[in-house]
Structure formats: structure tokens, C-alpha cells
Amino acid sequence: MAGNTIGQLFRVTTFGESHGLALGCIVDGVPPGIPLTEADLQHDLDRRRPGTSRYTTQRREPDQVKILSGVFEGVTTGTSIGLLIENTDQRSQDYSAIKDVFRPGHADYTYEQKYGLRDYRGGGRSSARETAMRVAAGAIAKKYLAEKFGIEIRGCLTQMGDIPLEIKDWSQVEQNPFFCPDPDKIDALDELMRALKKEGDSIGAKVTVVASGVPAGLGEPVFDRLDADIAHALMSINAVKGVEIGDGFDVVALRGSQNRDEITKDGFQSNHAGGILGGISSGQKIIAHMALKPTSSITVPGRTINRFGEEVEMITKGRHDPCVGIRAVPIAEAMLAIVLMDHLLRQRAQNADVKTDIPRW
């Protein structure tokens, strides 16, 4: 299982399972001399952690991160940073009934086909519990980007089911349990979630993440284009089934005269490209969207098979999110931060001396 690392110069490797003793990660490539404490990481972990509202799973994990290495006297040393979060609220007995049954829509079937066995407790390595370490590592990247380059990364929920959410007020995102930027839609979201809970069903969502202050020039054509790496990072998040950069699939209905981001002496006049042209950042806001499927961990009966090939009826027990998109917001922010920090370090390594007279806005 070699796919546990992301990044080239800023590298994040995670380990751990949903019901194991702990989750952890190794973060390589952090420059020395950056002030860093566990409190710097805890804020985003608290935004992601389970059991914080009635709309998410009631598994209660404090997600208290420990810095094991790479920090001395409050600053980074330039060596590998080891991070650890202990699992404290596992209820593995909830999953004993699915030991030999493949939950439809989950990774049970594919993991067993690949490895010949699987950790059925909460999905094991395939669980979104793993993303806690991505958020911890991403918090390091967010701190570096903000303090060294003035880059701000923000995410929000922009659709739940058939309810579109307009980005009206970023300040509202942290004031409600949905990460919703549209205060007029909070009641509708609450009503939908109550209905889903009553029905024992789930719903999909769309999350948008925006990076402001990104300098022009990030991205490594042709295979490590910035948008390609962002798409790769976001698609690696559990339940994500689609990623768009800028206008994404909406460009299909546009003409070239509409879609091109014209430039005047005052700067770009639009941002259909989402801040990336030719795989390289343009200096505009980087905008990405991701679509998350509705979780299959529901109490609505469904058909599946067991490992003996027998058809059985499946009802998933345990503690699950009726809409996984809610807690995906800080995860999306973290993954975008990881990619941007990696590309900033790569740009600095190759092109630190490049100077141009081309205007920047």
C-alpha cells in the first residue's frame, strides 16, 4: 500500500486506522525557524473533529494532536515533524455484524479484492478518520503560507442536496454548524438534516475552497500542473467524486469570447479559469469545488453479498455523518494548503532568481 504520501518537497505521509490505537503522520520539508505549537494545529482539528454538533457523527474524539519531533523550543528545526492523535472512542462491536458482509457503496469489497483481507472496524484505513492527520499537516502549511506569503485559504459548503448556497458572507461560515456562507439557507439545511435523520438516509454536498494572495508562477508543467495537483489532492479525500477548477464543467456551455479572462492594465477582468492558466497560477484567487457523494452508511435496508457470495440485506449500524460534506470543509482547506506549500517550495528551489517586468495584480 504505497499511496500514503503526497507532495515532493513538502511531503506528508499518514498512517493509522479508524479503530486502531492512533493516527499519525510525518511531515517533511518544513523550513526551520517557524514558530509552531500544538495549539496552532488544534483549531482546524476542532473544526473537523466528530461529535461537535447534532448534524455529524456522534463518535466523540477529542483529536488532541501531539508533536513528537521536528520542533524545539517552540520553532521548527527543519527535520521531520511527527504528529500523533490517539483514538479514544472506538466502538468496534458496532461492526461485528459486517465482518463477512460487504457494505454497498463502501471500500469493503474493493479492499478485500486488493489485499485479500480487510479491517472491517469502521472501514479501517479507508475511513475518513484518516483525514484528521491531513488537517493537522495542512495547518502547518496554512500557517506558513499566511505568515510568509499572506496567502489565505478558506472553504465553505456551497450546496447540500438540491439546496444551492451562495457565498454571501465569509464571516458566517464559522458561525453555524454547516460551514454555510448563506445565512438565509440555515433553516432549510436544518430541516433537510432533520428529515434525513428521521428517514435514516444521507445526502451529498458540494464544497468550495478559495486561496487568496497566491503569487503568479506556481505549477510545474506538464504533469505537475498546479490544477492537476489540486485535483489529485481533493480527489483523494473520502467520498469525493468530482473536482472542478474555476467554472469547471460550466465552461461547456460558454463561448471562447465569454470564457477567456481578458486582461487590461488594471488586471484580469474575470476569473473563469479559477486562478490557473496553463497549469500555472496567475495571481488571481484559486477557486476549486468538489462534489461529495452521500454516505452509504445508512439504516435504509439495501442489498449486498457476503464473502461467500450469498445475497443478504444490509442495514449499517454505528455512528455516521448524514452529510459528509459538512466536515469536509477543513479537509479541503488542508489539502489545498499542502499542494500550495509544496509548489511554493518547488518554485523557490528552481526559480528564486527569476524577475520579470510583467505587471502583477
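In case you wondered, yes, glycine gets a Cβ from its N, Cα and C as well.
Now, the feature entries from Swiss-Prot:
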type	residues	note
BINDING	Arg48, Arg54	NADP(+) binding site
BINDING	Arg125, Ser126, Ser127, Asn238, Ala239, Gly278, Lys293, Pro294, Thr295, Ser296, Ser297, Arg319	FMN binding site
Taking each of the binding-site residues Arg48, Arg54, Arg125, Lys293 in turn and counting other Cβ atoms within 10 Å of its Cβ, which one has the fewest? Arg54
With every protein chain in view, what's the tally of Cβ atoms within 10 Å of the Cβ of Thr295 (FMN binding site), excluding that atom itself? 23
Please report the distance from the Cα of Lys293 (FMN binding site) to the Cα of Arg48 (NADP(+) binding site), rounded to the nearest angstrom. 18
Intrachain C-beta neighbours of Ser127 (FMN binding site), sequence separation six or more, cut-off 8 angstroms: Glu17, Ser18, Asn238
Integer Cα-Cα distance in angstrom, Thr295 (FMN binding site) to Arg48 (NADP(+) binding site): 17
Find the shortest Cα-Cα separation between Arg54 (NADP(+) binding site) and the binding-site residues Arg125, Ala239, Ser297, and name the residue that gives it. Ser297
Comparing the Cα of Arg48 (NADP(+) binding site) with the Cα atoms of the binding-site residues Arg125, Ala239, Ser297, the shortest distance belongs to Ala239
So if I draw a 10 Å sphere around the Cβ of Ala239 (FMN binding site), how many other Cβ atoms end up inside it? 19
